[in-house]
Amino acid sequence: TGTNMVNAGDMNGSGNLMDFLDEPFPDVGTYEDFHTIDWLREKSRDTDRHRKITSKSKESIWEFIKSLLDAWSGWVVMLLIGLLAGTLAGVIDLAVDWMTDLKEGVCLSAFWYSHEQCCWTSNETTFDDRDKCPQWQKWSELLVNQSEGASAYILNYFLYIMWALSFAFLAVSLVRVFAPYACGSGIPEIKTILSGFIIRGYLGKWTLLIKTVTLVLVVSSGLSLGKEGPLVHVACCCGNFFSSLFSKYSKNEGKRREVLSAAAAAGVSVAFGAPIGGVLFSLEEVSYYFPLKTLWRSFFAALVAAFTLRSINPFGNSRLVLFYVEYHTPWYMAELFPFILLGVFGGLWGTLFIRCNIAWCRRRKTTRLGKYPVLEVIVVTAITAIIAYPNPYTRRSTSELISELFNDCGALESSQLCDYINDPNMTRPVDDIPDRPAGFGVYTAMWQLALALIFKIIITIFTFGMKIPSGLFIPSMAVGAMAGRMVGIGVEQLAYHHHDWIIFRNWCRPGVTPGLYAMVGAAACLGGVTRMTVSLVVIMFELTGGLEYIVPLMAAAVTSKWVADAFGKEGIYEAHIHLNGYPFLDVKDEFTHRTLATDVMRPRRGEPPLSVLTQDSMTVEDVETLIKETDYNGFPVVVSKDSERLIGFAQRRELILAIKNARQRQDGVVSNSIMYFTEDPPELPANSPHPLKLRRILNLSPFTVTDHTPMETVVDIFRKLGLRQCLVTRSGRLLGIITKKDVLRHMAQMANQDPESIMFN
């Protein structure tokens with residue numbers, strides 16, 4: 001049976017995989033866990049599949065409809081991802097809102113209402129006391145009937161801490177028991193997965209479920225973390241789930257990566273209500289391979305997701321985010337100076353954060369600290385809650401804090417930050433509030449903000465990277481917004497008290513918008529930590545709707561990137577990828593050393609020779625022994641041990657499956673059957689057992705370089721083509737092999753780092 005001729009279409013070695021079976025046997029072409037995919041191979045397999053469908057579609061109407069459905073499946077997947085991601089984000093927002101308020105009190109008319117919703121439905125609410133209504137009771141009012149006084153404060157304080165601890169404990173237990181992959185922000189891993197690495201279960205259904213539930217719990221517990229990064233992970237889990245329903249994506253890892261890129265865009269879109277920012281974020285920060293087709297699709301997915309979130313309307317103000325603001329005052333050229341200073345602050349904070357956080361995470365990995373994840377979460381939550389409660393700016397949820405810092409002081413604001421002194425003799429209308437001397441409330445707010453800023457800076461370093469879902473965007477923005485608001489109030493008071501100075505002389509009233517400074521500060525700090533520029537500015541102006549403030553935002557984002565890059569090129573996500581030892585070849589890294597392929601390839605001098613297969617002289621038993629004794633991912637096939645002329649490359653997994661399959665299905669294949677990779681079977685003695693033909697699983701066009709190729713070129717080839725391995729030859733003879741891991745090790749060695757830190761194979 002096994003000797004029928006290969007037709008010409010299958011000569012490239014990527015056609016159907018078995019000779020003696022028409023349909024390829026299952027599992028061929030899939031990869032082991034923690035292995036890298038071969039982009040070239042995935043691409044050629046997809047082209048083959050496409051060719052087949054196109055040629056079949058001309059045969060009948062039914063096949064034509066099938067080909068249309070296949071073409072549309074990509075858009076259908078995007079639609080489903082957008083719908084599910086938007087729904088999950090809306091549910092998370094609503095649940096977080098309710099549970100955050102649960103720490104302080106409960107709504108008597110309907111316990112599932114948050115504080116705000118409770119007072120909306122009340123008839124007794126006045127505009128001045130819009131936060132107080134009889135239906136909403138603090139715990140002390142409910143339990144001991146006191147709303148003021150020391151005993152009530154202590155009881156509320158105690159219950160706040162207890163709720164925070166129970167939320168955090170529940171979250172970390174769920175993560176530990178059901179889905180260990182649900183911890184962290186998920187963006188470093190998603191970057192690695194999108195670059196072609198396989199982490200099974202990282203985007204699974206359990207991870208999706210547990211991450212969604214625990215995200216609500218940890219954000220409500222008041223820890224210094226955001227839900228934005230994890231929402232990208234959640235959206236990618238949705239993407240993975242839906243792509244497994246369509247064979248076009250489930251059977252091709254390369255195509256699946258395209259869906260995941262678009263899902264990441266949908267995640268940012270619902271996290272910030274910024275569809276265009278999401279697409280740019282996916283392009284700039286997360287994706288490795290981003291063809292134009294993916295750009296349109298991610299735009300569509302982000303649009304659907306934002307639309308879904310908008311129809312759920314979690315904040316009740318028909319905005320997609322909590323901190324939407326509109327400023328109406330112009331900004332002056334002289335203000336660029338404080339904006340650039342905020343950029344410098346953002347860059348310095350980014351550097352400080354990355355260094356300290358990585359040092360702490362490394363410590364967690366290497367010492368006994370890592371053995372007690374639950375205890376660590378409990379301790380950090382307790383410290384956070386105890387210090388956060390007395391300060392009104394840290395007690396509330398971080399997004400509410402950012403929202404208040406971004407807000408402009410209008411006539412209707414009841415916030416302390418807007419407590420300016422009104423001069424009764426002034427004839428101007430009340431609307432032009434800004435240029436007035438600061439009152440007592442503003443000074444109180446200033447020192448409370450300063451304390452909150454120091455606290456946030458320190459606690460975020462220890463929070464990010466614990467065994468719970470934790471995003472970084474919101475804490476970074478809070479740090480920047482606090483610093484920015486303080487600078488803004490400072491500039492405003494300076495302009496008020498010294499309006500005869502040259503710089504302030506031509507400013508017409510009203511002068512300075514402190515909220516704008518908070519916005520610029522937030523962008524600067526976020527840029528310093530993640531090193532985003534374009535997508536960051538777009539996200540910020542979609543977030544705040546301030547189109548005329550693009551220049552201040554760009555100035556701050558670029559300054560913060562320059563300052564942070566001066567201290568180290570890595571953003572927080574790249575740093576975590578390195579810390580975890582993922583095999584990630586960063587496109588942004590330069591390789592400038594003058595080494596050659598021969599310096600990097602295995603085997604080196606003094607090592608045993610390369611394990612190879614010959615084209616027609618090895619038996620099934622020889623090959624099985626070779627597979628058992630080595631753990632390589634594949635073997636080069638040569639003409640013979642003497643000539644070492646290269647013919648092709650056979651993947652380990654496919655060899656194992658082919659032999660197993662042949663033994664079950666094909667008569668006469670025994671341990672001493674000869675295996676051959678040539679067109680025609682070798683000349684065999686009359687009584688020898690039936691030979692086994694494996695031409696079909698042989699890759700006849702493996703990627704080769706010569707031994708004198710500069711490593712610079714090799715690194716580029718690995719980066720741009722997404723190779724797993726590359727063979728090294730000299731005048732047609734096989735010398736050695738370079739794998740992606742060898743390249744990464746070599747790069748680490750050249751950068752004076754420990755080459756063994758790349759742990760995964």
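Quick reminder: no glycine exception, Cβ is built from N, Cα and C everywhere.
Keep in mind that what you see is a predicted model, and the values were worked out from it rather than measured.
Away from its own ends, the transmembrane segment (72-96) comes close to residues 212, 215-216, 219-220, 227, 231, 234-235, 238-239, 242-243, 245-246, 248-249, 259, 262-263, 266-267, 269-271, 293, 297-298, 300-309, 312-315, 397 of its chain (Cβ-Cβ under 8 Å, at least six residues beyond either end). Summarising the annotation, TrEMBL assigns transmembrane segment to 72-96 (among others).
Here TrEMBL flags 157-179 (among others) as transmembrane segment. Beyond its flanks by at least six residues, the transmembrane segment (157-179) meets 99, 102-104, 139, 204, 206-207, 209-211, 213-214, 217-218, 220-223, 373-374, 377-378, 381-382, 384-386, 389, 395, 466-469 of its own chain at Cβ-Cβ distances under 8 Å.
Residues or ranges marked as transmembrane segment in TrEMBL: 199-219 (among others).
Residues annotated as transmembrane segment in TrEMBL: 231-247 (among others).
Sequence-distant contacts of the transmembrane segment (259-283) (same chain, at least 6 residues past either end, Cβ-Cβ under 8 Å): 74, 77-78, 81-82, 85-86, 88-90, 190, 193-194, 203, 227-228, 231-236, 238-240, 242-243, 249, 289-290, 294-295, 297-306, 308-310, 319-321, 324, 473, 532, 534-535, 538-539, 542-543. If you look up TrEMBL, you'll see 259-283 (among others) marked as transmembrane segment.
As annotated by TrEMBL, transmembrane segment applies to 336-360 (among others). Under 8 Å from some Cβ of the transmembrane segment (336-360) lie the Cβ atoms of residues 457, 460-462, 464-465, 476, 479-480, 483-484, 487-488, 491, 517, 520-521, 523-531, 551-552, 555-568, 570-572, 575-576, 579, all in the same chain and six or more residues away from its ends.
What TrEMBL lists as transmembrane segment is 372-389 (among others). Sequence-distant neighbours of the transmembrane segment (372-389) (same chain, 6+ residues past either end, Cβ-Cβ under 8 Å): 157, 160-161, 164-165, 168-169, 171-173, 176, 221-224, 364, 395, 455, 459, 462-463, 466-468.
Away from its own ends, the transmembrane segment (445-465) comes close to residues 184-185, 223-225, 349, 352-353, 356-357, 360-361, 364, 380, 383-384, 387-388, 391-394, 401, 415-417, 419, 472, 475-476, 478-479, 482-483, 485-486, 489, 572, 576 of its chain (Cβ-Cβ under 8 Å, at least six residues beyond either end). As annotated by TrEMBL, transmembrane segment applies to 445-465 (among others).
The feature transmembrane segment is assigned by TrEMBL to 472-496 (among others).
Look at TrEMBL and you will find 516-541 (among others) tagged as transmembrane segment.
According to TrEMBL, the feature domain 'CBS' maps to 601-665 (among others).
Per-class residue totals from DSSP over the domain 'CBS' (698-756), listed helix then strand then coil: 24 helix, 19 strand, 16 coil. Among the features that TrEMBL reports, domain 'CBS' is placed at 698-756 (among others).
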- prompt: Mind checking which residues reach the transmembrane segment (472-496)? Cβ under 8 Å, same chain, six or more beyond either end.
  reply: 185, 224-229, 271-272, 335, 338, 341-342, 345-346, 349-350, 353, 393, 398-399, 401-402, 405-406, 417, 434-438, 442, 446, 449-450, 452-453, 456-457, 460, 463-464, 504, 507, 511-526, 528-530, 572
Within-chain partners of the transmembrane segment (231-247) [C-beta distance under 8 Å, separation at least 6 from its ends]: 73, 76-77, 80-81, 84-85, 88-89, 92, 185-187, 189-190, 193, 203-205, 207-208, 211-212, 215, 255-256, 259-260, 262-264, 266-268, 270-271, 286, 305, 469, 471
Query: What mean pLDDT does the predicted model reach across the domain 'CBS' (601-665)?
result: 88
Field: Helix, strand and coil counts within the domain 'CBS' (601-665) (DSSP)
entry: 24 helix, 17 strand, 24 coil
